[in-house]
Structures are given as structure tokens and as C-alpha cells.
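For 31-78, the entry in TrEMBL reads region 'Disordered'. Residues or ranges marked as transmembrane segment by TrEMBL: 89-107, 127-145, 210-231, 315-341, 362-382, 435-457, 477-499, 505-524.
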Amino acid sequence: MVKKCSSKRHGQIRDDLVTVKSDLKLLAHEEGEEQAKLTPQLKRGSRKPVPTRGHHDDAEDPITVLSPKSSHDGPGSGAKRAAVVMGKLGLLLVFLYFFICSLNLLASAFRLIGGKTASEVFQKSDLLSNPVVGLMMGVLVTVLVQSSSTSSSIIVSMVAANFLDVHTAIPLIMGANIGTSVTNTLVSFGQVADRDQFERAFSGAIVHDMFNWLCVLVMLPLESLTGYLYYSSEFLLSSFQFEQKDMKVEILSKITKPFTNVIVKIDKKVLTGWAMNDTKYENATLLKRFCPGGENTTETITCPNLAAQIPLDDLYIGLILLAVSLFCLCTCLISIVKILSSMLKGSVSGMVEKVLNDDIPRCPWLTGYLAIIFGAILTFILQSSSIFTSTLTPLVGLGIISVDRMYPLTLGSNLGTTTTAMLAALASDSNKIHAALQVALVHLMFNLTGLLLFYPIPFTRFPIGMAKAVGKVTAEYRWFAIFYMILFFVLMPVFVFLVSLGGAIAMYSVFIPIGIFFLMLSIINMMQTRFPKSLPEFLRTWTWLPEPMRSLKPYDICIMKVTHCGRRATSQHYAHVPSIIIPPGVTAEQALKAANNGCRDSQVYLTSQGSEAEIHVHKQYYDSICVPVDTLRETST
């Protein structure tokens, strides 16, 4: 049955479609008292209707609800409101502090779990000579240690120790850039309960992935053919004179270390020692268990951190720390979202969104570049791109920062994080500083070239559209977000590594056909959208393919059945919705077109297959009414 529910917007009644699985029936539209009951009451000063029973609407989102000052406020209400705002700001800072601390603990947990494995990966120098293998190794290592700054610093140290040459290190640096975006992707799951928020948060998180993968697709072949990064970094290095300096930038860590060091302390020198196969660290533990007993003694004592007191191996302590840090991360994230939602109401929300997302008057093109500079400076201060982007992700989910604005901030963060490798290189021995600095400059040149390729010209900002497209898919099929992470950060690197064991012939035999297939698929999809008449008739759509090969819906049905998570709502939720007239002989498409007349926001569309017609509801409208996409059979009465 195709049904309509009425809502009031800007003083006018509009009818929005909902779909419930049923045969099409001939029913008259009800008016009068029934219609009056169905028209949602508007809250005072609100821009959206109050949802009726069983009707989930974005009006519940505090960002879009105005809360003007009531005329009945008492004389002390201003001071009371100010106290409440100050209290919320204080709580927000507290939760933000523990959110950042939990990110640091999460990174420590991953290092304890996979640090040994990650370091052993670097010892396979014969495999690393292959650029594709080196790229995937860089991804795996960074995923395991959860920090591109750490992995790039290890790579710089290995080059400084002549364990790797610069040519071999370049693909590793590219892979490290990709692996660093796992953290903010995990953070986006904190808003998975709300489809709209999750779509925005996930899109904002993976815009970093899309940029990095596109850069690699362009830069890796270019580097293999021309040595562009190697020679450009060599040229820059020859233009300047550098001296050895033991430099450290600790701003945020000075605030967070007092808390995190009480829980766990990691010896990063052990990671580098393992990577360089130093026998001194063969039996060492990554967890710092023993500390010097005093200035004038060689005795050691158990370090004063909680993890050192636990008589377990690094792996098990890492697993415990992983569970604790994820719990703290989710708790802090949910609290931050709730506090921000309560603070950013109505005009406040509009003002904040305007400041963050609007362009500079008369110089709109300059706004993005200022965002890039801002992102680079903040990341330099934080010394972690993961912390910076992970802090922005929930704001994108709430709609405070747009995905389009998140993109230049992420690009700036990519530039800012290269300073860590630069500082690590400057701390190298004077006779090894040249090679170490060259690798650090390669990291900078890679990100800077990617920025020049995919930002200055608006048409080339492909990562934004790609991220939004994946975000829409994950909003409809939320399990796809988990599949995405496993595919791109685990299965793909492992698959490439396994194929590489067969040698160069095996790699070319597998990857060249795969590359050609996906290239042709991308071209056909683009032509279907823009130049469909240029294609043969059967290639203008994919409807001739079996549904599992062109849609995620069959997999979604299977997963819903296995997990017992249905999307269906009970019929009582829609008992109050009136029906519309479907005359005998009228097709579902004609009825839908007539019913949807004037519903500008619903964007319902229909596709016909044989005797059945599927009515698909646009995600924005689908979320607000919480109804499934159902199949309606055309019948006559």
C-alpha cells in the first residue's frame, strides 16, 4: 500500500510518501479531524515538526531545533544559563582530554599486540624491494602500530642506520600514509546508531582514505617509472645545509602523558631495535617494565605504571588495554556528542556552522587554503594526525563541519604530520642525516604533490565525492563499514603480500588483469552516468547481471537474517497514516508519480522489473520515517 503522511512546513501542508509491504488498494484520502490529528504540532520556534508516535524525524536532532528565550524566564535565569553553559564547557574539555588519552592508549594497545610482527615485517628486505609489496607492508605496519608518525620515524631510523635505502623506503612511506586513517574510521562508529550522523561521520573519516589511495594510484607508478620523489627530494636537500639537532616537540603529550604513563609506558626504542634486527633487543619487551632506581645507582625497579604490575606477556596486556581503551573511547565520544548536541541548538548551531563552513567574502577560494594551514599547524602542535582527524569526525557527524570542509583540514593534517619524521631525521647522526632527511622530505613531497593534484581545481576533488558515495552505502548497509575496513586495511595488504611470495611473474599475472578490469568498470560506470547513448544498449545498465553481482541488497538480507536484525517496523506505527486513491488499471509508477507530486524533499523514485515494481525511498526521507524499502505488486480492485 502506498501511503501518505502529512507534515507542516513553512505554514503549508505537504504530503510525504511512506511505503508498507502490501497490495495496492483503492482507498479514499481522509480529511477533517483525522487529518488534523495527523498534522504534527510545531514546537514554539522550531523549524521542523514534532515527530508523531513511531515517527523518527531529524527534528529530534538538537542542531536543527531553535530554543528561543522564553518570556517567562525569571530574573536569575541569565546567570543560571551561563552557569550551565560553563559547566557543559568544563565537561566537554574533560571528556575531550580523556578522549585523546584513550586514543593514545589505543595506539599503545595495538603496539603491544602487533609491534613485534610489525617490526619483523621491515626485516624482509628482499620482499620490500618490490614497490607494491613495500606499499602494503607500510599499510600493515601502520595499522598494527596505529600511528603513521611512529612507522615513518621507524623507517627514517632504519634508513639512517643503512638498513634500508631511500628507494626502498619510499613505498613504505606511502603505505604509512594510508594506514594512519584507521583510527578516525573507528571513531566514526560512535555515531552508528543514527543513519544521518553515521553517513556524515563515516564520509568525513574516509575522505582521508580516498585521498591517500588516489595519491598512491598516481604516485607509485610515477615514482617507479621516473623516480620523481627521489630526485625532487634530493634536489631540495642539496639546496639547504642541515645540522644534527636533537629536537622534540611535546605540547599535547606534556598534558596527556601524566595520565597515560600511569597506565602504560611503551619503549619505542625496542620497536626500532626489532625492525633493525638488533640483538640487544632480541629478548626485550615493548612494555617498559623496569626503570632506573635512582641517579647514583645502576639498580632498576618496577616502573610505576599499572601494566608493569601485571605478570602477563605484552600480547595479553595489549588485549586488555585494547578493550579498556575502546570502552573509554566510546564513552567519551558519546558524551562529547551529547554535550555538543545540547549546546549547539538553533541560532548557536547556525552561527557555528556558518563560521566553520562559509567561505570568506569576496575571496571564497582562499577559505580552503586557510583550512589547510590551520590543519597543518594544529597537527604540528598535536604531533598526531590521527588525534586531529579523530576529534573532527564526531563534529562532521553532527553536521557542524561539512565533509567539504573536512577535506582541506585533512590535507593540512597530512602536511603537519610530516614534521614528526623531519624531527626524527634531524636527531640522526651527522654522517647519516642526509639519507634520513631525504626520506622525511619524500613524505612531505608525497603529501604536497597529492594536494596539488586533488585540491586546487574543484573538478579534481574526487576524494569528496568518493567518500560521500561510500558514506551513502554504509548508511543504508551499516555492516558495509566493517567490510570496508577489513577489505582495505587487512585483506588487500595480506592478499598482495601472499601473491608477492610467488615472484614478479605471479604478481604481474594477477594484478595487471585486476587493474584492467577495475579500470574498464570505472569507465563504463562513468559513461552510464554521462554518456549512456555512447554505450551498447546492454551496457547502459547492469540490470542484465544477477542481483548479487550488482547490488548489496541480497547480502544485506542474508546478514539481517543471520544477525536477527530486521529493518521492519510494526504496522501499528503507521496505523494513523491515511491512504491515497489507486484506481484500477493504474500502474504503480503512475500512482507513485501522482502521489509524489509536490513532495520536494522525499525524492522517491521507482524502478520496474517485470510484473513487480520496487519503490526506493531516498535515504534522507527513509531515515526520517524508518520504513523498509519494500516490493509492491500491481493489482486491481
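Every residue number used here counts from 1 along the chain in the order it is shown.
Cβ coordinates come from backbone N, Cα and C, glycine included.
Keep in mind it's a predicted model, so treat the numbers as computed, not measured.
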Highest-contact recorded stretch vs the transmembrane segment (210-231), from 127-145, 315-341, 435-457, 477-499, 505-524, CB pairs under 8 Å: 435-457
Chain residues outside the transmembrane segment (315-341) and at least six past its termini with a C-beta under 8 angstroms from it: 61-63, 88, 91-92, 95-96, 98-99, 101-103, 105-106, 108-113, 186-187, 190-191, 197, 263-264, 287, 307, 394-395, 397-398, 400
Long-range neighbours of the transmembrane segment (477-499), counting only residues six or more past its ends (CB under 8 A): 127, 132-133, 135-137, 139-140, 143, 175, 179, 182, 185-186, 188-189, 192, 198, 202, 206, 209, 213, 470, 506-507, 510-511, 552, 555-556, 559
